[in-house]
Amino acid sequence: MLPAPHTCCRLLQQLLACCLLLPRFLLTVLLLWLLDFPCVRRRVIRGAKEEDPGAPEREDPPLCVSDTNRMCTLESLKAVWYGQKLDFFKSAHLGGGAPNTEVVTLEGQRLCRILDFSKGHRPLVLNFGSCTUPPFMARLQAYQRLAAQRLDFADFLLVYIEEAHPCDGWLSTDAAYQIPTHQCLQDRLRAAQLMLQGAPGCRVVADTMTNASNAAYGAYFERLYVILDGKVVYQGGRGPEGYKIGELRNWLDQYQTRATGNGALVIQV
């Protein structure tokens, strides 16, 4: 018996994704393997200890990975492959419609949709991440400051997704918290409450246990978006290296300057 047409189409999509992603994945594997050599790691990754203690706090501090962390493991490769596949199959694209996926509020645990938080013609900033992602947590206060400074013309929403480095998966000793993989919605909501403690005053919601928002926006490990009038007008790079609060600040500054210009501002990154 021949498989159904939609099954064949899905298999072909998966095969195409594997062919396109495999070269990039293998390069990532090589990089992770090299980073397990301390001499290479110290040369490639600038640790926070190299920064001038008297310098002002940076919005996007350099990546810092302790020598105790293994980079090339089965769990790390599974996480990298998963993130690359999510990015390939995401439905959110610059200039296209914003996926209106379901999320859960922390207060009242009410099911709603992402675009419910969009108000009129104001930009809606989406910040996807989790407490076990060190680069995300290192930039959380910078995001909080930016949100406080731009609330007069933009809205901000933190979306808590699945853990980047769960303690029962790709463990990171640099993570602010040791949290296992979420087994139920309550696990995710408890973790999201920890994030809220680190960013008081920010609006936080949690992705559903189907990970619909994470998949639609290709958000794993962390990612930034701006939605305006139902369209994606800013799409940040995939974290950790593409996750840049400073770049988001520049976009918002340009938008504020040109808000009275011709139409919405769309910036490719």
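Glycine is no exception: its Cβ is also placed from the backbone N, Cα and C atoms.
Worth saying up front: this structure is predicted, and the values here are computed from it rather than measured.
The topological domain 'Cytoplasmic' annotation in Swiss-Prot covers 1-14.
According to Swiss-Prot, the feature transmembrane segment maps to 15-35.
What Swiss-Prot lists as topological domain 'Extracellular' is 36-269, and the listing cites sequence analysis.
Under the heading active site, Swiss-Prot lists UNK133. In the shown protein chains, 26 other C-beta atoms lie within 10 A of the C-beta of UNK133 (active site).
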**Request:** Please give the average pLDDT for the topological domain 'Extracellular' (36-269) in this predicted model.
**Result:** 88
